[in-house]
Each structure stands twice: as structure tokens, then as C-alpha cells.
Amino acid sequence: MEWEVVIGLEVHVQLSTQSKLFSGASTTFGAAPNTQACAVDLAMPGTLPVPNAEAFRFAVMFGLAMNAEIGHRSVFERKNYFYPDLPKGYQTTQLAEPIVGPGEIEIHLEDGSSKKVRLHHAHLEEDAGKSLHEAVFEEGHGMSGIDLNRAGTPLIEIVSEPDLRSAAEAVAYLKKIHSIVTYLGISDGDMSQGSMRCDANVSVRLKGEEELGTRTEIKNVNSFRFVERAIKVEAERQIDLLEDGGTVVQETRLYDSDKNETRSMRSKEVANDYRYFPCPDLLPVELSDDYVEQLRSELPELPDAKSARFASEYGLSAYDADQLTQERALADYFETVAKASGEPKLAANWMMGELAALLNREELSIEQSPVSAEHLAGLIERIKDNTISSKIAKQVFEAMASGEGDADTVIEKRGLKQVSDTGAIEQMVDEVIANSARQVENYRNADESKRPKMMGYFVGQIMKASKGQANPQMINKILKEKLDALL
Amino acid sequence: MHQLTIAEIIRGLREREFSSVEITRQLLTRIEQLDREFNSFITITAESALEQAEAADRCLAAGGAPALCGVPIAHKDIFCTRGVRTSCGSKMLDNFVPPYDARVVEQLQAAGTVSLGKTNMDEFAMGSSNETSFYGPVKNPWNPEHVPGGSSGGSAAAVAAQLVPGATATDTGGSIRQPAALTNTTGIKPTYGRVSRWGMVAFASSLDQGGPVARTAEDVAYLLAAMSGHDERDSTSLNRPVPDFAAGLNDDLAGLRIGVPKEYFGEGLDGDTASRVQDALKEYEKLGAKLVDISLPHTGLAVPAYYVIAPAEASANLSRFDGVRYGYRCENPADLRDLYMRSRGEGFGEEVKRRILVGTYALSAGYYDAYYNKAQQVRRLIKQDFVQAFEQVDVIMGPTAPHPAFRIGEKGDDPVAMYLEDIYTLSANLAGLPAMSLPCGLVNGLPVGLQIIGNYLDEGRMLNAAHRYQQATDWHRATAPYAHAGGDQ
């Protein structure tokens, strides 16, 4: 039996507005507990919500980037449930009339293919606070703490149609969302800090079947890698269950990354009746066409457009262009290097080679790169003007990475400048020829077609003598002249 | 001095006939002597009142004092007052001291008023008799065996007992107008959005509206002017200019078209009450107004629609009282569920629990369309009735309440009979229209109120109509018999 996995994702993205969705309190991450919660966030009696215009601006920008319909009228509703980190006893969210309607984006898969994924809708809502169950108080046996700093932080919840067919597609979709929100500058997209969180709806069905299988929802998976593993392991669980003649129960499950398994949450959660109704403290928000068109005209260049431009303008392969445009900071870095050095292909090669390896090894983001775009461009220029060879350049790159300054400083300080002085190279060539009587003899006796290959030995010896600094083109030229003179 | 109206106090203070400290001290003494009987105050802030009065006297002496400088008032205990317990009539908030002032409190402070304290009310403003208060029922100064109406019964009784010349109040379904009618005071609920709800503990957000209670339309105009205006902290607050309500009080009523809805004079209206209201309408004809028979066909649906919408909103608004952050928390909760169940079970009274249950039910899956959605449709029809009526008339008049004040305990175990008390007042809240009540006579020694419903933002015209009636009649000057006890020292 061949099974098909069907996945829909609900992605929560925290918007990087200065203040909260309905209050003036700051949204900065990591402050001491309850220092960023005002009377509104604490749901003190008589306090009222006032919508944050910036959050609307961000949500509309997102909708436009997703090629989605924009809700010119959006309505906040109350989703009622009791939890200690939900101060009002309801979450203010959108249901019937969300800010962003249906849309569609293209995702790019590792095999080079791409696929369209439909957006069901995206809505604005407020985040809850946090319940802290572990050792909050030094003497607090069995006590839980509540931190309301996060309560009221604006979120957009992005709901896809069940269009994804594998864990890899789900990750590609998630990366696309990440790339769009960071390009737009509406979120830092930091999954480790919870700025982006993902719930996955997973079901399986026999290939060719039309009807969807019973789905489970995996809650709050917080990294790309875990999303992939959680979906895989959940799909496998469902397939095993069905193949053994069992049935899938519609429920919410949690992914345990240590054991790499999903576990059922109590079904009480599923039985909740949230009693949604329009929030009477907030009027419907109406957005004019002018407002939306203004935002459309201000949208930055988005990943797909940038990738296409990089391919045509800089002559990059589609793959390279795609890789370099996944993150806006990476793309900006590339353009700086490409423009400053005038060598876009070298820039791409260096970024996807040495730089990627360095960042990966040091676990740094492009923003934290110890080698700045200007420094990398300087290095490429020195390769271009033959001051150093590509091989020496790697040495210079490592030195720049450990903070030894820009390329020129490193080359100067370490004396790595390529030797391009004809006299000096001639002298080295003469010495190697004089010390290699046997190889010279072989060269002379060899068939003409084999001679170019045999030159490699002499070049290697000369490079060694010059500590790699001799200009290879010049070595080749002078060596050939001298060897041919011996024929 | 305690008989003086706000207009008379403003004059007296400016002409140095008495000081703010003198009148404040006298009213505080009366409260001390008389309020054991009426129970109209929950909290008396004598010390800060005298400080405010001293400051007001200095300001009056210096010149350039704001309009209401030195005038003593009281706040319904639904308005948050910084540093002063704000209970909302509930055990749930018996220990709650807000770190902020309600917008209305800020405004009246800026206008120079002196706050004597916080007045009693039905718990979370849910009630029409002031019997649901955690602090005990308020007694009607016209007859202490009778209720003063609710939910702003404390504010109305305090004014009627001449403990204070005016007070703030709120009206979700009649909570300013019905107590005003039952205590022979004048009260206005302005257009929804006219007065900011910031810092006013929410009952039903789409219906709640603050307003004043005082002894005359003129006094009410002064207080309302100070309380009105846009507030960016309340998204439902209207961003419209506030007219000088006092400026047009004396305008001629000739040609005023008064709509008289037949539905307000049908079954359920006490005959004596009806005839007092008819007498008032005749008085208006004498003043040059024209009576126009109108129909508000959906009036009968106001009670059922209101008692779905208001509890639905309340069920969510009151969820925040969970024992976690402030307010009442049960002793030694065993776990989270126990904390919720006992804190709310012990902290809320019967009527509040009844409405939370009704509202929760109305919003539940499977019932939402039949109740909440249907009620919202009815609400639109009721609003449409008024829109059509105001094409023919300038104001609408009728009774405020179906009969004078009933006895304490009389309707205690019949919630539906209690809900029918609001039959003439609910529609204005559902439609968001301004409405007021003013005294128009007595039945067996108990006051009867005339209700005026105005078009949107037309409070000025209503106050003008009320003031001209009060110039022509003396009903508003009738003093509650039990207010005669105590007196000037």
C-alpha cells in the first residue's frame, strides 16, 4: 500500500511592533518577569484595549507578500477559556472576518522543483503570557509562576490549506514564511525565542484517495528540524496504526524531541467550547484601498523576485540565487560583496563555500559574521588583481575571521603578496630546472602531447619554493619558455 | 446648605457665601448621621475630600477656577479611583484598590469637584433594586422600606437624601434612569460613546455608559459637560465635539415634536404612573410642544434581546475575576480548578452567577445562532424603530419605570419580574441613544419619572426640554421625607 501524507500548518508569528497589540507596554524579549505588563495586559478592571496601527500595517504587508486578499474590514472576537496566563479569560483574536484572506505562495524544494501552497487565511491576535512551572520560587514547593510580559504581544496566525505532502514540503513552506516575514521586517522570526511557532495538522490516506484521513494536531513545534521530525514520526505512527487495522483519533499531540515521538495531550483540550463572539470593546477596523495600495507600493523586494533578479543581473545559477535570497540579510550581504568587488560569481562561491562553512562551524547568523561584506569584497578584489592566489586567499579569509583586519592588512602583515616579479620567478624556475635533471630529461624525451601534464611537477616545486606566493600564470608562462628552450 | 443645587453651590462659592470646606464638612456630617439608614455609600473619603475642598477654596480665592471648583460629588463604586477601594458592589473586589483613575474621575477632578466617596450599587451593576450589593441594600429616602432602584441606587439615594448634590452613575439597561425615577432625581445616560468607559468596570461593554445623577436638569448638564469627550483609551469613545449643554437650557420649546410611543403605555404600566406621565405631557403642550403618536413596534423584544446580549458580554467581561492577579481568592486552593471554582463561587453573588450562566449558555456551540445572533438581529430592528421615529419627532417621551419603587424583598425571588422593571429603559441602551429621567409627580408618596429619549448626540435638546419643564413645575423640588432628618448644624 502506498500512503500519502497530508499536512496543513498553522504558523504563529510574533510581530516586532514596539508595543503590544492592545496596550502601550513594550514587547522586548527577555525582560525580568512582569516588568513589561501594564494594567491593560493584567486585565485590571475597567481597562480597555486600543488597537496598535503598526500591527495592522505589518499584517497587511504580510498579506500582500502572500498574494492574498486583504480584509478591508476586520473584526476582533473573544475566544473564551480560563488559564492563568490568559489574564482576561479570553483571547482577543479574529475568526469570521480576518485581516488576511485566501492567498498563495510558491515553495522551493531541495530537488529544484517548486510547488504552490494555498493560504486559507491569516489573522491578528494577542499572545498569552507564560506559566512557569519549574522552580520559580526558591521555597515555592509546587507553586507556579505567571509572567505576563508576553501577554498581548501581537501575533499573526497563518493557516495553510492542507496542500503539503511531506515533512520536507512542510519545512520548505515554513522556511518560505520565515523568509517573507524577515524580508518584510515584521518579525525577527526567531524560533528559539518563540517568535515563530508551528502547529502541524497531519493525516494520511492511500494514494489516489480523495477524502482526507482523520487528522491529529501537533502543537508548538519550535524548530525547522523538529517540525520535520515530528511530522515524519507522526505520519509513521498513523500509517502503522492503520496498517494494523486501527483508526486515527482526532486529537492534539505533543512532540517530544528527546524521544522523537508524539504523545496524546488530554482530550479535555479538544472538548473546549470557546464561545467566540465579536469583542464589544473594539470596533470593526476598516482599511481603505488607498491605505492598502500605499503599503503595496512600499513593499520591499521579496525573495522570489530577488532570486530572479540575482540570476539575471549577476548571472548566478537558479540554485545559487535561491540559496542566497532565503534570508534578506544574506542577500544584502551578497549584493554588497558583488557590487564592491565587481565579481558576483566569486562572491557567490565564497559565500556558499568558505563563509557558509565558517558560520556553520561557529553557529553564527550572517548578521553575526566575523567577516564583513566589505572585507570579503576586499579579499575578492585582491584575487582579481592577482595580488594573491585563490589558495592564499583561504588563508587570508581565516585570518580575517579571527579578527586580523581586512585583506590588505593580513596580506601585508603576513607577507602573503603574490610574487609577480619576472626576475624573481625566472630565478626560481632556473633553480628548479637545475635541481631536476631527471625530470627535465623525461620531459625532453616525452611525446609532445604528454608534456603539458608533466609540467605539473615543476610548477609544484616552484610553488613550494615560493611558499605558494608565486603568480601561477607567470610560472606557467616562464617555465614553458625555459623548458621548450631546452628541447 | 445641603438642599442647594450644584448651580446654587457654584454661585454661593464664587460669591463667598460659604466655602467648599464648609459645605464639604456639612455633607460629610450628614452622611455620617443619615447614611447608616440609607446605606448609599460603600466608602467615604472624608480626609481626602477635605483636602480637595481646601485646595478648591485656594483655587477659588486665586481666581480662574474651573467650572465645578469646590462642588462636592460622589462616584458610583464602579469607577476606578486611584488609591481608593473600588468594589463594584462585590465581594470579589472588596480588597481591590486600583492604581489608576477612571477617565470620568480624572475629568471631574480636573473640573474641580470634591469627591466625598464611593456609592453603593448592585453587584457589578446587575440589578434594578440595589439589593444585590455585597454591602447590603440601599434604602429609598422616600420610604426606607422601598428600594431606590438600581443599579446606581446608591448615587440616586445619596442625591435624594441630600447627602451630595450630584453623583456619577452608569446605565447598561436603565441603571441611571430607573433609580432617578424611583428617588425623584434627574439622571441622564448620554449617547453611547459620549462618556469614556476607561476605568469603569465593565458589565456589558456595548451597552454600558456613564452619566450623572443630580436634582435638576441644569445640574445634570454641568456634570455631563465635564464627563463627556473623546478618550483615546476607549476605542468606542466618540470623537465628536462636546456642546455646551447648559447654553441652550432656556431655549423655547415652541414647535418641539414629542413622540409618544403607544407601546410605552400598554399592559404592565401602573395606572397612576401613567396619569402622572400624561400630566407631564400636557404640561409640555402648554409649553408649546406638539405631541405625536408614534409606534416602536419591536419594544416588546427589548427585554429578551437585552437579557441575551448583556449576559453574553458579561460572561466574558467577568472572566478576569479568577483569583489569580487581584480581587478575592479562596483559602488554600487545592489546585487550579479549585482556585477558579471556589474563588468565583465564593466571590460572586447569586445574580452575577445567574447572568454569567445565562450568557455562557447563549454563546455556547449550538445555541449561538438561536440566542446571540437572533438577539443582535432584534437589536438592529429596535434601532431601526428609533431611526424611523426620529424622522417625525425631536424627542420621545414616556414613563421611565412601570410603577413607583417597590418594597425591598418584594421581587427578590423572581428574576423575570425584576427584569421587567427595565422594560422602558432597555431600548435606548440597545440602540445607543441618549435617554434621561426627571421627576413628574408622586403616587402614594413615591416618585414617578418621566423618560425622555433623544436622537444621537442630541443631549442638549433633551436637557433643554427637561429644564423648561422644571422651570414650569415643582416636582423636582419635592424633598424625600427621610432627607429632613439631620440638617444644618
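Just so it is clear, glycine is given a Cβ too, placed from its N, Cα and C backbone atoms.
Annotated features, as they stand in TrEMBL:
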DOMAIN    B:22-463  domain 'Amidase'
ACT_SITE  B:K76  active site, charge relay system
ACT_SITE  B:S151  active site, charge relay system
ACT_SITE  B:S175  active site, acyl-ester intermediate
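Counting in whole angstrom, B:K76 (active site, charge relay system) lies 11 from B:S175 (active site, acyl-ester intermediate) by their C-alpha atoms. Within 10 Å of the Cβ of B:K76 (active site, charge relay system) there are 33 other Cβ atoms, across all protein chains. You'll find the Cα of B:S151 (active site, charge relay system) roughly 5 Å from the Cα of B:S175 (active site, acyl-ester intermediate). The secondary structure of the residue listed as 'active site, acyl-ester intermediate', as reduced to three states from DSSP, is coil rather than helix or strand. B:K76 (active site, charge relay system) carries a strand DSSP state (E or B). Sequence-distant neighbours of B:S175 (active site, acyl-ester intermediate): residues of the same chain at least 6 apart with a C-beta under 8 Å from its C-beta are B:D122, B:A125, B:S128, B:G150, B:S151, B:S152, B:A169. Using a 10 Å radius centred on the Cβ of B:S151 (active site, charge relay system) and all shown protein chains, the other Cβ atoms total 35. In the three-state DSSP scheme, B:S151 (active site, charge relay system) falls into the coil class.
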